[in-house]
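So that you can see what the record holds, here are the features copied from TrEMBL:
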- 96-193: domain 'Cadherin' (DOMAIN)
- 194-305: domain 'Cadherin' (DOMAIN)
- 306-422: domain 'Cadherin' (DOMAIN)
- 423-528: domain 'Cadherin' (DOMAIN)
- 639-662: transmembrane segment (TRANSMEM)
Amino acid sequence: VDLKECLQSADFISSSDGNFKVLEDGSVYTTSALSLSAEKKTFTIILKDIQEQVEKKIHVDLVEEEKKTPNTRHARDTVLKRTKRRWGPIPSVMIENSLGPFPLQIQQVQSDTAQNYTIYYSASGPGIDQDPKGLFYIERETGNIFATRAVDREQYPSFQIICFATTPDGYSPEVPLVHTIRIEDDNDNAPYFTQDLFEFCVPENSRPGVVVGKVIAEDRDEPYTLHTTLKYRIVSQTPPITPAFSLHGDTGVISVLLPQLDRELVPSYTLLVEVRDMAGQPFGLCTTGTVVVKIEDTNDNAPTFKQLQYETRVEENRVNVEVLRISVVDLDEPGSPGSGAVYEIIRGNDDQAFEITTDKNTNEGILCVTKGLDYEAAKQRILVIGVNNEAPYLLAPHSQQLSQSTCSVTVHVLDVDEGPVFKPCLLRLDVKECEDIGTAIGRYVAEDPETGNSEGIRYRIPPGQCNWVNIDDKSGEIRTVRVLDRDIGEMRRGQCNITVLAIDRNGKTGTGTIQVCIVPGNKNFPRITQTDYIMCRDRTPISLTAQDGDEAPYSAPFEYRINDRRLASMWKLTPHDDNSWYLSPKGDIPYGIYEIPVSVIDNGGKIGENIVRVNLCDCVTATECDGRTRQLAGGNVTLGLWAILAMILGSLLLLLILITICGCCGTGVMNRQVTDDCANHNLIISNTEAPGEEVMDHNIIPLQSTCDQGGYGVKTGEQQTFEMVKGRGHTLESVKGGGHQTLGSVKEGGGQTMMDTCRYSYSEWHNFTHPRLGEKVHLCRQDEEQKHSEDYLLSYNYEGKGSLAGSVGCCSDQHEEEALDFLDQLEPKFRTLAETCIKR
């Protein structure tokens, strides 16, 4: 088995099954005769590294080797075979550092058949890479194994010797024998500490049993023997007073023993400790070491004042001057938080005129005046000062709680001739943004402390400050000298501190400070950020968003309004949030470009005028409407070039259809002064599904003669009557077929009726309709005042596919407007239309 692959250095090798023995080179031998059954044999090899405290296991499966059984007649007969006893002495032991004499016999190996012996050996241990050649040899005739010199167990814990037995003629009757020689440990190494000096710290006043630290010692002898069983003890303590610490003999842990460790009495202890092997027996080997235990300071001593009363003097109106130094005594470690003094004024400083701080170098308290004292108000001040430490106070065992140490300080105020005094010393003035130059914003005056009035005091502002305001030298009135705008230069900060001087008659001066603060005003107009939009056929509302450079409350929320009444009837605005409103059409307004004037009113009432340009386009996406516009009637709406061309082409196509229809009437004999219009060719039947109801009127008279080809009309004198006679239907398709005949004018003469066929040539219809159609188009382009009309061509929404019946035309060849004789030829369903035309 390859042991090195599992564990590089193994101090202990064993097998879980006593029938197997594992040598250090990985060879596995049976210790007794073993009979294997059909099942495999399993055991575990255990490897241990004692120094590294590592354990590894190797699982071994042993299977019987397959053998072929010869075919014999008596297979059930048992064959007895005699085997020779294997030579195998027990492992040998050699004492470490043996004194001899050398060569020293270790063991004897013998074979019944061999007489010559040869050994090969290998060592295991820390020095396995060293060459132990010549350490052992074997006598060829007797098989005795000898050691040539002493062996150090720490270098070679054990040896494995492979012995070969041969006959004089060179035959090897025995298998090689692996013989182990174990080096028995001798207590030749004294224990030693891992450090030359151990240093530990423990807070003062720690309770007994608190762990201070641990000392560690080692021994190079064989582990888990008395040679490496160590015991610790404290030999001496410095200073030699009551023992303060205890040392655990087995673990080396040092603990507090004395109930009161006072750093102020003993700042540190030095311990001399000893470690001895052989479980501390007197004959064991020992070594000593040094341990230093430092006592850490805790705040168990309160500071106290050296004096209980102090007196000092200070002139009135003196500011930021030192008036007194106060000292304290503290027994704790200097420079530590437990000795750092913290002073406070307990009483007598209601106006915060005094301040006391700590000098870090001397630990003294420095009393200063932070506000000028007034002799006229108080001639002396009495202060009570207390002191504490930076760290909280810890009460030592068996001691009483101490009260805070205090002292009193009497400060005598000296009278001096004072200059003017501003009240208050800092005046805040708020100025609205963009106020006019010269606006009075306040008044700042000083008083003479001796007289209590402001007579004879003059004021001025020293140069080198922000030039925002000036002050009247006599009255102290403050006015602006610039337009204050928070968006310009140094005014972006919004405030400026200005020092003002007050000078009395004696030349004494006093100073005060004016803090000018610019209050945001409503100076900016609200503006719509985006004014050009495209709205497609889905007419999704447009979100209008406004911005205002002012701050609250002069910005949002905004209010939106449409200024133009006509556009306000077409568009509406609805609120969305404080900054945005929705713009949407009220109804189905025409497509085109609308320029909508929108007013935005901020929260301060300032109105910003904006023009929102909306391109209302017949599109699906906004990209389809680039460059396409239409003119809106009465508004700012224009039509695009393609729309105009489409309308012109449509008009020309309609004109061509009308000319074609009129030309289909053919040629015929037209014996008339003014021919009837043959309107039955122009008013086309549109998909008649059933005959209309016959409407009778008292003005309609029946005719005595009829024509089987259709209906006819009768005109008598100046009174015209007609009748709609049901006959065969005449459609455009029948005209195109060529077999259709129409009834012309029936004129009264000699009591006889005369019928003309209505067939005209294309040239006749063209000559008749061309000038009339031009005249009608010209009239359509004029309004009631005979002026040119801009909207004679109107666009209509798409409502579906066109009718198969075509359009109704009005091509007529009548001479006058009231000549409606052609209506006599119409079918009954156009009766209502005929009556309407007669009434007109």
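Backbone N, Cα and C atoms are what each Cβ position is placed from, and that goes for glycine too.
Caution: TrEMBL annotation is automatic and unverified by curators.
The average per-residue pLDDT of the prediction over the domain 'Cadherin' (423-528) is 86, rounded to a whole number. The helix, strand and coil residue counts that DSSP assigns across the domain 'Cadherin' (306-422) are 0 helix, 54 strand, 63 coil. Applying DSSP to the domain 'Cadherin' (194-305) sorts its residues as follows: 6 helix, 50 strand, 56 coil. Mapped onto DSSP helix, strand and coil, the domain 'Cadherin' (423-528) counts 5 helix, 45 strand, 56 coil.
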